[in-house]
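**Student:** Below is a structure I'd like to ask you about.
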Amino acid sequence: MGSPRPGLRARIVGLAGAWLILALGSTWRTRLIGAEHLASCRAGGRGFAYGFWHGLLLPIAYLNRGQRATVLVSLHRDGEYIAQAARRLGIGSVRGSSSRGGARSLLEMVRLGRRGEAVAFTPDGPRGPRRRVQPGLPLCAQRAGIPILPIAAAARPCRRLGSWDRFLVPAPFARVVLAYGPPLAIPAGIDRQRMLALWTPRIEEALDAAERAAQQALDDWDGRPRRGAPPRP
């Protein structure tokens, strides 16, 4: 029998990946903080944009499964695997990135946001630089007139992979905290260059602040003493 066609291979890998995520995630002990921020974004049926670092994709995808969000996924081969796995977790996808298919995919995400749907971005993906926001998320939020909802996660015990994003993999039976941060609303009447200069660092800080909140909640759960703001992991 020959090698599976690329589309079939992606479906097989996506199905296996989704099964592994569900099996692993079902063992986690989880807590949620900042649920009021999620509720405020959902109120009134308006759209909004989830924003989270690429390295936190695994726990965030599992803990937001079935939320009827649409995530921007790269056109690379691994992006197809992610899209197939996401579909089986109840998460839609639009294919594109800042370098390939970017304009078309951004327009589709804007359309979905204006229609009142939730969209999701990993703004440092698909290849980095790590923890540096690329233009897609702020441009989508401004053009669609929707808020950005920062999300982060922390886990213990866990493993950080040697990938560019230091991908977080919570261990079986780990304690996992999911944190939503206060929404960010980008004004409509700012030109692109000034908007990106002002809002890119604010979004980066909001995503980092959500992760600090998740880590602090995890430390409190474990009974560890409170500490100052940690350096970026």
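Every residue, even glycine, has its Cβ placed from backbone N, Cα and C.
Annotations for this protein, taken from TrEMBL, read as follows:
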- 62-130: domain 'DUF374' (DOMAIN)
- 214-233: region 'Disordered' (REGION)
**Student:** Can you tell me how the residues of the domain 'DUF374' (62-130) break down into helix, strand and coil by DSSP?
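**Tutor:** Counting residues per DSSP class in the domain 'DUF374' (62-130), I get 27 helix, 13 strand, 29 coil.
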**Student:** Determine the mean pLDDT over the domain 'DUF374' (62-130), rounding to the nearest whole number.
**Tutor:** 87
